[in-house]
Amino acid sequence: MKTNNKPLYYILFVAIFAILLPAAYLSGLLSINTISIWGRYFCFAIAALGIDLIWGYTGILSMCQAFFFCLGSYGIAMHLVLQKTSLPDFMAWNKITELPFFWQPFHNAGVTFALCLIIPALFAFFIGYVLFRSRIRGVYMAIITQALTLAMWLLFLRNETNLGGTNGLTDFKTLLGFDLSSAQVKLSLYLVSFAVLCLAYIACHRITRSKFGKVLQAIRDSESRVSFTAYKTANFKLAVFVLAALLAAVGGMLYLPQTGIITPGRMDVKASVEMVMWVALGGRGNLKGAVIGALLVNFLYSLCTSWFPDSWLFILGFLFVLTVLYFDKGLIGLVATVRQRIPGLHFKTSQTTNRYVADSK
Amino acid sequence: MRHFLRPGWILLFLLCSLRGRSQDSASIYVNQILQPSADSVRTNAIHRLVALRDPSTFPLLMAINDKKLYLLDNKAVTTDSKPSGDGNYRLYTVYPTYQLLQNSSGQPLLLPPGKLTAVDIPRADRLALVGIAPLLNLFSNDVQKRMLAYSQVGNLQDQSTLQLVAAAVNRETDENVQRIGREALYAARLYAAKDETNAKVYIDSIALNWSDNAATLLTSYSKEKAFSPAAGSYALAKASRLEKKYDNLQRIQNLFSGLSLGSILILIALGLSIVYGLAGIINMAHGEFMMIGAYTTYCMQLVFGHQAGDWFYVAALPLSFISAGIMGLILERLVIRHLYSKPLESLLATWGISLILVQTARLIFGDLTAVKTPQLLAGGWQVAPHLTLPYNRIFIIVLTLVMVLLTYLMLFKTKLGLQIRAVTQNRQMSACLGVETRQVAALTFFIGSGLAGLAGCAITLIGNVVPDMGQTYIVDSFLVVVTGGVGKLAGTIVSGLGIGFFTKISEAFFQAVYGKVFILLFIMLFMQYKPKGLFPDKGRIAEE
């Protein structure tokens, strides 16, 4: 486990992904595609951090993180498409002669980056404001956000919305003048993603230990008591909801240039539940768990789909059920239990558990 | 006696000869076609028959055109276009009358084409029929062909064609085809009309007859072919009135499909709502129980085969309830009972179950299967010329009514219902008072899943059976539960109908997708005022 008092695990984690993997690529052991795939996993992990903040720490099950993720991706994708042509192909096929107004700002890279963050944040603010104001929580929140994702997915599927419909946006050439197909660019995108993941982790870590984070956890454990002590819980929830949306959007922004395609399939109901599942599997209420869960599930996904494609859904389904039934705290919790069971390791975990308990109190 | 009869014979003979020489010459030509002395004679005879345009020869010409002219005991016969079982065809005489051939016991005579002597007509001769093929089709025994023929007969200003069409319309038996035929006639007469009153009469007739393109026809008349502006504007006014009337009927039709969509949502949401209220379980696999019900229906269709007719559906109704219910019971025992009162966890676990079930169904049944609609439910109830309420949708509505009634009786009139309500209100207290809460929960789960299975059985009537069919309905039915208030029968019904109606109505104005976004916005707005649903609990039980 990597906790603050055990820097060894952090160093190991950073060493593997920041030095070992790139080194393996440079010495020819790994192909650039493998590197790129891990880069994508980091993007998922960034989004997972956001989910952990809102679900694991605040207890709000939001099913629309996939939608925010896609908002970030689509923003960048629109910019990349405009780099290539003045009018995207699919618009020409749909007999549209002029670029729609909402595409216009995406000509400029700076504006694009800003919009990729502002749009999801605004969306999250609006949704969160409406939902938290009427004290919608728990299951109701989950269902409504899921329905929202479904509705948005349907919207993005349409051709009239001018976002590429079912086929999404693809076939990008350059980003800020760099050729996206070149290995160097892919490697640097990988490193950037990793750096952003580390930064996001540190930031989230800080947040969870700040006063703000403590209030979030208090809301999770008993919202009514927090509001009785004169905290405006709705504002805290709104803030963390926007924060989670921003993290998802950042993940999406980095994800796009590495996959080279974004389709509405990334934000359907299935994808949004799956994102929540990464966190559940890794261990919610624990930032490390979120990162590990996202990396592990996606790694498993690429392994399984290439080895036995038919059974991936079975595996995922059983993972869902088993995690929920038996590993309530996810993988991190499992590791902790195993350590406690093995006497030789016992003294180490007692420290961490104490720490954890102290945190959440 | 004979003496008196003789004048009668003479009269009859006279009548026959009055029908003219065409009858005689037609029968001569027919004979020449069936037993030609030379190829040229046959060619000539066919050309003559085509020129005669005698409706009594049309069955024969049609048989030639379709290459279905046969000889049976030296009589010219033709067959149906499709075999009536085991490769045997019904037979019809073609000349001088068109009649179904019967065997000695009064049943239709069935024979395979091999037992008949085909009369070979060369292609060159058949080509002579191309010109009057639409006319022939007017007298076809295939409804589709007749319907199509009216638009193909060509110029109705030609008197002889007009007469033939009029004859065809007169002997028409199918209401819809007759309407199309009448329209063609009225239109021809309207175009020919040269004075105001006549034109108005025909415009009125067309409007009254009201076939599918009456409005378009009148509009185009007013724009291009009207002989006077007055007639033109009269036609235009009629057309717009027709269109308005049509739109209104369309709206009723939409409301009706909204009603049936709402019924399905109610059927699914009913079980969902009861289970959530009682056990605090968000069952994302609920849609998959619906899928199980649908596949049970499909399996029944396979088991019963094609001979059993509608019985497979009758059997499928209870069986889909039971199979989905049992599946629900198994899952309850294995997984869900560990998750009582943990809604968010149960949401994830049941989502996993739904993934497994969908993938299993995909492996067993493949990607797309369909259940054929039972004969009894095919077609619809034609309320007005342009308003047909399909029987299958009516059936779904009735089924939902019955199930809602049964659920109501179960919940409020039986001991089990009393226990369910008690456990829903306060689990611990009920347990203290001796209610077997686990058993009650299991039974509730059985009933809830069974209702979903029944919904699946109903859905096979209006859609395909696909492995992930449950997932298209699950989010909607959760919205129904949320809007209606958890565990509330009345709320489920009202919000189910509301969402069903709203979906269909907004589909009429926007496209389906925007309708969905709209509904969502509406529900979010609604929850601002009623965060606990339509019918929230009051007083103490309202506490969380």
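Using the three backbone atoms N, Cα and C, a Cβ is placed for every residue, glycine included.
Where the annotation comes from TrEMBL, it is an automatic prediction and has not been curated.
If you look up TrEMBL, you'll see B:255-282, B:311-335, B:347-365, B:394-412, B:440-466, B:478-502, B:509-529 marked as transmembrane segment.
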Beyond the flanks of the transmembrane segment (B:347-365) by at least 6 residues, Cβ under 8 Å: 281-288, 291-292, 295, 298, 331, 335-336, 339, 465, 467-468, 470-471, 474
Cβ pairs under 8 Å between the transmembrane segment (B:440-466) and the transmembrane segment (B:394-412), at least three: yes
Tertiary contacts of the transmembrane segment (B:255-282), as residues 6+ beyond its ends and Cβ separation under 8 Å: 289-290, 336, 339-344, 346-347, 350, 389, 393-394, 396-397, 399-401, 403-404, 407, 411, 420, 423-424, 440-441, 444-445, 447-452, 454-455, 458-459, 462, 473-474, 476-478, 480-481, 484, 486-489, 491-493, 495-505
Distal contacts, the transmembrane segment (B:478-502) - CB-CB under 8 A, six or more residues away: 255, 258-266, 268-270, 272-274, 276-278, 282, 404, 407-408, 411, 424, 515, 518-520, 522-523, 526-527, 532-536
